[in-house]
Amino acid sequence: MEIYQGVNFFELPPHIYAIADNAYRVMCAEYNNHFILISGESGAGKTEASKKILQYFAVTCPTTEQLQIVRDRLLLSNPVLEAFGNAKTLRNDNSSRFGKYMDIQFDFKGAPVGGHILSYLIEKSRVVHQNNGERNFHIFYQLLEGGEDDLLRWLGLERNPQKYMYLIQGRCAKVSSINDKSDWKTVRKAFSVIDFAETDIEHLFGVIASVLHLGNIQYEEDSNGHAIITNGSQIKWISKLLGVHLSILQEALTHRKIEARSEEVLSPLNIDLAFCARDAAAKAIYGRTFTWLVNKINGSLANKDLTRKTVIGLLDIYGFEVFDTNSFEQFCINYCNEKLQQLLIEMTLKAEQEEYEMEGIEWEPIPYFNNKIICDLVEEKHKGIISILDEECLRPGEATDLSFLEKLEEKVGDHAHFLTRKLADQKTRKSIDWVDFRLLHYAGEVTYCVVGFLEKNNDLLYRNLKEVLCKSKNGIIKECFLPSELDNRRRPETVATQFKNSLGSLIEILMSKEPSYIRCIKPNEGKEPGKFDDVLIRHQVKYLGLMEHLRVRRAGFAYRRKYELFLQRYKSLCPATWPHWPGPAADGVETLIKHIGYKPEEYKLGRTKIFIRFPRTLFATEDAFEYSKHLLVTRIQARYKGCLGKREYKKQKEAAIKLEACWRGALARKEAKRRVWAVETIKRFIKGFINRKNPLCPENDEFIRFVQYTYLTKLRDHVPKNVLDKNWLKPPAILEETSEMLKKICMRNLVRQYCQGITAEKKAQLQQKVVASAIFRGKKDGYLQSISQPFADTRLSEKDINPKVLQLIRGEKIKYVTPVVKYDRNGFKARERQLLLTQAAAYVVEMAKIKQKIDYAALKGISTSNLSDGLLVVHVPEDNKQKGDVILQCEHIFETVTKLSMLANKQNAVQVVQGSLQFHISSGKEGMIAFTTGQEPQIYKAKNGRLTVVSTRTKS
């Protein structure tokens with residue numbers, strides 16, 4: 001759809017979307033009405049083509065939320081009409097059994113705003129009879145297959161189609177290519193979108209179910225040979241669903257009301273007439289319900305806006321049909337196709353060639369078959385087949401189908417396109433029965449069986465049955481069968497005449513619009529994909545006259561327009577013709593095309609029209625017109641905006657002058673008042689300043705309050721922001737006491753805010769920092785630099801500790817873990833360890849082993865040097881439990897010592913030593929650590945056997 005939208009017609013390969021887009025764009029540009037005629041045999045794809053066109057308009061046309069509703073209704077009207085008007089035939093699983101012409105209405109913006117549907121000749125006989133291999137209308141099967149259990153129970157129906165006489169005659173209730181259940185859901189959804197009321201839907205399904213129940217009514221003869229109903233259950237359901245009295249309905253289905261002069265007599269029916277009456281009632285109910293359904297859809301599509309609309313019509317009508325047995329319905333359908341073929345010939349082959357001759361264009365005529373002779377055979381007044389059929393139906397006396405056939409032989413027997421067994425030669429006679437006649441249609445020969453022609457053409461319903469249906473409480477039946485019908489004593493028009501008249505009206509509608517054509521070619525007779533039957537297709541191409549159309553189009557001109565219309569549209573392309581051409585339109589067009597630069601082989605000038613041969617010439621002209629239109633619109637907009645601007649400027653200038661005058665007066669008055677007030681204020685303030693040191697009195701009251709206000713206002717912008725800010729705005733003498741009170745209040749407030757902002761974690765940090773300050777402040781290098789660095793909760797997580805160690809100390813909660821380097825007490829060999837601090841003890845850990853446990857209760861003290869090294873000694877008692885003091889080096893010395901001393905509650909046992917440190921090795925044996933400064937930090941065992949720790953001196 002995106003590929004074809006807005007593209008010139010001949011730029012891309014032929015496509016349904018190209019036809020739709022071209023019709024839409026020409027309609028919008030020229031503001032005229034169009035129609036798209038979709039024709040072809042039954043099963044060639046006409047219905048699918050019309051759906052594709054509707055979908056194209058739905059997707060590509062501009063829309064709003066309100067227009068979206070109209071668009072959805074246009075699209076969803078299709079599945080509803082298909083359900084009630086389409087059926088499976090031998091040639092097509094979704095054959096349209098009615099003709100449909102849909103007008104889609106567009107507003108001036110090109111948006112779809114409404115629609116209207118005309119329906120033609122629904123095949124009512126299908127309701128009561130189907131040929132072998134065919135089905136009734138889809139809706140019956142959809143209702144049984146997809147209807148909810150409660151709905152079927154309320155309608156008195158069972159799911160099995162085999163239980164209903166009207167559904168089993170074709171012996172193919174189930175079809176693999178049709179999903180009745182899914183289609184039912186689509187139809188139910190469509191009802192809600194098309195705005196059907198729930199009561200309407202209930203009554204509609206009631207009508208459909210009553211038709212099925214009618215088909216199951218069976219008769220038998222009584223002793224007098226009269227028909228009586230054998231089983232009362234079906235008629236009870238019909239009585240309930242249609243809302244008619246049971247006994248009156250039963251009487252109407254078994255008796256006929258005869259009027260004899262002023263009397264009305266009920267005559268019992270025999271079995272054959274009773275079945276006919278039953279079937280006539282079923283056909284009438286379904287046929288009129290279908291008409292009601294179309295009118296209901298039209299009501300939902302109607303556009304209430306009375307402004308002028310342009311329309312695009314879509315004609316999707318039943319295709320040409322040839323069956324083994326062809327009856328009255330096939331006669332009407334094929335007559336319809338003959339008329340449409342004649343329309344096509346009139347508007348293309350004939351009209352185009354006649355136009356060239358009238359316009360004086362050099363032209364070699366192309367021969368073609370004109371099927372008007374066949375249309376006249378069917379519809380000619382007093383002589384045609386329809387007139388003869390009506391005559392036979394209306395004449396007094398005993399008229400039969402055979403007498404109708406005899407009349408045909410008598411009146412049209414000499415026609416070249418008519419044949420019966422009696423008129424045929426010896427060879428042909430074998431293929432025609434005694435009750436048949438044959439017509440040579442444009443699409444080929446079709447043999448019709450006249451049996452049932454008169455009955456179907458009359459389509460009569462007994463008066464007493466009409467009376468019963470007029471009294472129905474079902475809303476739809478009440479609308480379809482009006483009591484006024486009973487008062488009308490005139491015989492209604494026959495079906496064939498009604499169809500001929502409605503077809504004539506349709507042709508008039510189509511002739512008033514610009515045409516576009518889609519010819520559907522059936523690829524094979526077997527409904528198979530991917531199969532291309534050359535013989536079948538050649539036959540269709542031949543009888544449709546496609547080759548003749550092609551020759552006319554190739555030899556002819558792609559575009560033709562009257563001089564006045566062409567000049568009116570394209571005059572802006574030439575300075576000489578814009579804005580008005582003073583002379584004849586033909587001279588104007590000639591001047592215009594010379595200016596544009598048409599070559600002689602690209603066009604011809606007729607008596608009243610210009611003919612353009614090539615599409616590319618027209619496209620180039622159209623593109624130039626679009627460009628010039630934008631330029632013209634820009635100039636018009638500029639002029640109009642300039643005019644509006646000048647008008648607005650003058651208006652604003654006058655208003656500004658008035659406002660300025662009024663405003664200057666107001667300002668002058670205001671200025672005079674302000675000066676008086678200023679003088680009085682200055683006087684008061686001078687008096688106040690003179691008396692500022694006196695007690696509060698009327699002379700200085702205002703001045704003092706102003707001084708107070710000014711000071712407090714300034715103070716508001718100079719209040720200290722934190723407890724460390726000691727600045728305070730100097731007060732005037734009269735506010736010194738007040739200022740001091742405010743200062744105290746402010747400081748208290750800042751302190752309270754600061755205290756409230758301290759979290760539990762921060763409080764613990766501060767407590768640790770206080771302990772660290774008490775231990776190290778002024779004693780150890782590097783302490784001042786560590787103050788700004790917060791202590792961590794731990795330097796290693798539990799993931800970094802061996803699980804076996806965690807298992808050994810599982811009863812104790814770990815408070816702090818840090819990596820350390822342990823130095824042996826004898827050889828001072830460095831070993832990497834972990835220091836674990838729990839609530840009760842300190843552990844020195846190597847991988848999965850606890851090397852030393854120090855209970856906090858047994859801890860004697862902690863020693864560290866005054867230099868910047870990270871060495872600490874943990875002193876333990878001299879007993880067998882402990883191996884001796886622990887010498888450790890860690891990166892975070894202040895943090896580790898503080899946490900250890902706090903957990904052991906031995907803050908006072910921490911010593912910061914200078915020079916050297918003595919430690920306990922084992923019982924009775926002491927060691928010494930020497931601390932000194934140097935260029936680079938290092939720890940080594942000196943020659944004297946002591947551990948020497950060298951640190952760099954930090955800058956204070």
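Residue numbering: from 1, along the chain as shown.
Cβ coordinates come from backbone N, Cα and C, glycine included.
Annotated range for region 'Actin-binding' in TrEMBL, selecting from 204-226, 503-525, 894-916: 503-525. For Thr47 (ATP binding site), the same-chain residues lying six or more positions away in sequence with a CB closer than 8 A to its CB are Glu82, Asn86, Asn94, Ser96, Asp316.
Using DSSP to sort the residues of the region 'Actin-binding' (503-525) gives these counts of helix, strand and coil: 9 helix, 7 strand, 7 coil. Panel annotation: around the region 'Actin-binding' (503-525), residues 16, 19, 22-23, 26-27, 32-41, 43-46, 49, 91, 101, 118, 120, 311, 313, 315, 319, 335-336, 339, 343-344, 347-348, 531-533, 536-537, 540-541, 544, 546 of the same chain, lying at least six beyond its termini, place a Cβ under 8 Å from a Cβ of the stretch.
Excluding the listed site residues Gly40, Glu41, Ser42, Gly43, Ala44, Gly45, Lys46, Thr47, the same chain places Asn92, Gly319, Cys520, Lys522 with Cβ atoms within 8 Å of the centre of the ATP site Cβ atoms. Counting only same-chain residues six or more apart in sequence, the Cβ atoms lying under 8 angstroms from the Cβ of Gly43 (ATP binding site) belong to Thr89, Arg91, Asn92, Ser95, Gly319, Lys522, Lys527. Within the model, the region 'Actin-binding' (503-525) carries an average pLDDT of 87.
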